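Q: What Swiss-Prot shows for this protein is this:
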- His86: active site, tele-phosphohistidine intermediate (ACT_SITE)
- His71, His86: Zn(2+) binding site (BINDING)
- 34-138: domain 'PTS EIIA type-1' (DOMAIN)
- His86: phosphohistidine (MOD_RES)
- His71: site 'Important for phospho-donor activity' (SITE)
Amino acid sequence: MFKKLFGKAKEVDKNIKIYAPLTGEYVKIEDIPDPVFAQKMMGEGFGINPTEGEVVSPIEGKVDNVFPTKHAVGLKAENGLELLVHIGLDTVQLDGKGFEVLVESGDDIKIGDPLIRFDLEYINNNAKSIISPIIITNSDQTESIHIEDVQAVVKGETQVIDVTVS
């Protein structure tokens, strides 16, 4: 009985693979045309220059935060890793126009689950850039981050980063 009450908690895997949330061309974080992302002020990560307008979950976990302007979503893995998927640059100023959110905060997600659909042409014509940053916002709490050597990526299929959480 005491073992049930005071037994060890379920072991959480410290390693996590992050898949591409968008289909398109991989962009090194340093090449994202925004210093906040390029200088890693928000954390380590990468960008994607998308060729289609759907964002899927790059990890298994929960939706932590859906931005009211629909241009970004925060995700959290079971091991505590926090990820921001931000569609385009300066897209907050579009105030949700061109975006359709498919999830809510608290939703359970699996790799490949649709999160947001967006009008690629509209965003491309009305935002600073369509390049979309994917950032580990708590990368200071990781032991290691290995970025794969990729170029063309497919949403929910191409592994981009392998992370070990501290």
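From the backbone N, Cα and C atoms, a Cβ is placed for every residue, glycine too.
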Q: Does anything in the same chain, at least 6 positions from His71 (Zn(2+) binding site), have a Cβ under 8 Å from its Cβ, and if so what?
A: His86, Ile87, Gly88, Thr91, Val92, Leu94, Gly96, Phe99
Q: Using DSSP, what is the helix/strand/coil residue split across the domain 'PTS EIIA type-1' (34-138)?
A: 15 helix, 44 strand, 46 coil
Q: Taking every residue in the domain 'PTS EIIA type-1' (34-138), what is their average pLDDT?
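A: A mean pLDDT of 98 is what the model gives the domain 'PTS EIIA type-1' (34-138).
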Q: By a simple count, how many Cβ atoms lie within 10 Å of the Cβ of His86 (active site, tele-phosphohistidine intermediate), its own Cβ left out?
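A: His86 (active site, tele-phosphohistidine intermediate) is surrounded by 24 other Cβ atoms within 10 Å.
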